[in-house]
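Below is one structure; the comments refer to it alone.
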Amino acid sequence: MSVGFIGAGQLACALARGFTAAGVLSAHKIIASSPDMDLPTVSALRRMGVNLTRSNKDTVRHSDVLFLAVKPHIIPFILDEIGADVQERHIVVSCAAGVTISSVEKKLMAFQPAPKVIRCMTNTPVVVREGATVYATGTHALVEDGKLLEQLMSSVGFCTEVEEDLIDAITGLSGSGPAYAFMALDALADGGVKMGVPRRLAVRLGAQALLGAAKMLLDSEDHPGQLKDNVCSPGGATIHALHFLESGGFRSLLINAVEASCIRTRELQSMADQEKVSPAALKKTLLDRVKLESPTVSTLAPPSSGKLLTRNPAQGSKKE
């Protein structure tokens with residue numbers, strides 16, 4: 001099996017690092033395309049031994065599982081470019097926030113009648129094999145296609161299938177969740193420093209506290225509120241700290257953050273549907289170079305046989 005990434009940014013880099021660390025894929029079985037070969041993430045992929053190219057079409061030709069790892073507003077343009085190269089063997093996995101299965105299928109069906117599309121939402125902790133991933137399969141994807149993706153993503157953390165209408169909300173929960181945690185850790189460390197704890201130690205202790213709390217929750221059947229209560233002694237320091245958090249609207253802020261991320265995800269889908277790109281986004285993503293077909297760099301591997309090693313499409317069955 002070979003895996004391709006259209007887009008060589010943070011997500012592609014994290015997944016490639018996770019897959020190789022887990023031992024499920026060798027670096028030479030991975031290819032990523034980017035119009036900009038000077039990106040730090042491209043350099044990191046190169047050091048891993050991942051094949052690199054400027055041509056999105058070459059990425060399609062050299063892969064079986066194809067991850068669309070670009071910004072949502074770029075997806076329609078990418079699909080127009082690569083659609084003619086997508087074959088029956090390909091599993092097209094969209095990782096773009098808000099981009100629906102139907103919108104990807106509609107674009108690809110202009111080139112072939114039954115594209116196999118899966119929508120996926122993961123997060124950056126896949127790099128340390130502690131990711132949180134959900135996916136939903138499209139109209140023409142086989143049951144085996146979903147299981148193959150689940151096997152791949154389970155090697156870098158937790159992965160489960162969900163109904164597609166949950167994915168926008170999950171984007172706000174676990175997709176954006178690591179950013180909330182990093183902000184909280186930064187603030188916790190600042191609090192420690194304010195009270196005299198050295199910065200390095202404050203960061204380590206804060207991170208360990210959150211890691212331990214998460215592991216306690218995952219290893220138990222207790223409600224988070226019960227585990228919180230277990231830390232609070234009557235009249236103690238922790239309950240006073242929690243009262244201060246409550247007075248600042250701590251819970252409401254987190255709830256509203258998940259909601260805001262979910263709403264923005266749906267806005268991004270609307271932009272993608274309209275094939276609308278703001279001037280700032282156009283400049284940032286170098287859209288004119290995304291469509292540029294250039295010769296591949298020297299690390300490009302020879303073409304694969306075009307068949308998945310772990311499944312036989314002829315034996316697959318469509319999802320009921």
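Backbone N, Cα and C define each Cβ position, glycine as well.
According to Swiss-Prot, the NADP(+) binding site annotation covers 6-11, SER34, ASN56, 69-72, 95-97. Annotation comment: Swiss-Prot describes ALA8, GLN10, LEU11, SER34, ASP36, ASN56, VAL70, LYS71, ALA97, ASN230 as NADPH binding site. Taken from Swiss-Prot, the feature L-proline binding site applies to GLU164, ALA237, THR238. Look at Swiss-Prot and you will find SER2 tagged as N-acetylserine, backed by similarity to another entry. Here Swiss-Prot flags SER304 as phosphoserine. Annotated region 'Disordered' per Swiss-Prot: 294-320, in sequence order.
All features noted in Swiss-Prot, drawn onto the structure.
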{"residue": "ALA8", "record": "NADP(+) binding site", "DSSP (3 states)": "coil"}
{"residue": "SER34", "record": "NADP(+) binding site", "DSSP (3 states)": "coil"}
{"residue": "ALA69", "record": "NADP(+) binding site", "DSSP (3 states)": "coil"}
{"residue": "CYS95", "record": "NADP(+) binding site", "DSSP (3 states)": "coil"}
{"residue": "GLU164", "record": "L-proline binding site", "DSSP (3 states)": "helix"}
{"residue": "THR238", "record": "L-proline binding site", "DSSP (3 states)": "helix"}
Look at the recorded positions SER2, GLN10, THR238 and tell me which residue has the greatest number of other C-beta atoms within 10 angstroms of its C-beta.
SER2
Could you state the whole-number distance in Å separating the C-alpha atoms of ALA69 (NADP(+) binding site) and GLU164 (L-proline binding site)?
18
Between the recorded positions SER2, ILE6, LEU11, ASP36, LYS71, which lies closest to ALA237 (L-proline binding site), Cα to Cα?
LEU11
Given the binding-site residues ALA8, GLN10, GLU164, tell me which ones have a C-alpha lying within 10 Å of the C-alpha of ASP36 (NADPH binding site).
ALA8
Expressed in Å to no decimal places, the gap between the Cα atoms of LEU11 (NADPH binding site) and SER34 (NADP(+) binding site) is 13
Under a three-state DSSP reduction, the secondary structure at the residue listed as 'N-acetylserine' is coil
I need the most crowded of these binding-site residues: ALA69, ALA97. Count other C-beta atoms within 10 angstroms of each C-beta and give me the top one.
ALA69
Sparsest-packed of the listed binding-site residues (LEU11, CYS95, ALA237) - C-beta count within 10 angstroms
ALA237
Around GLU164 (L-proline binding site), how many other C-beta atoms are within 10 angstroms of its C-beta?
15
Cα of THR238 (L-proline binding site) to Cα of GLN10 (NADP(+) binding site): how many Å, rounded?
37
